[in-house]
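To start, the structure itself, in structure tokens.
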Amino acid sequence: MKTLVLFIIFGLAALFLLSSANELEETERGCQKFFWTCHPGQPPCCSGLACTWPTEICILGR
């Protein structure tokens, strides 16, 4: 039982660390991903994506 609790705690800690590292990578990149909003003043859409006019979201570019 103690082993299971430790396994769960370490698993959650690893998941938290991985998600934090992924978030840092995304914020450093500085571009909006697929279906993210692309309002003026925000970073531009990522490569291969284009900002649509009426909905202001990043979709597959032309």
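Each residue, glycine too, has its Cβ placed from N, Cα and C.
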What is the disulfide partner of Cys31 among Cys46, Cys51, as given in Swiss-Prot?
Cys46
Counting across all protein chains present, how many other Cβ atoms fall within 10 Å of the Cβ of Cys51 (disulfide bond)?
19
Pull out the disulfide-bonded residues from the set Cys31, Cys45, Cys58 whose C-alpha sits within 10 Å of the C-alpha of Cys51 (disulfide bond).
Cys45, Cys58
What kind of secondary structure is Cys38 (disulfide bond) part of, going by DSSP in three states?
coil
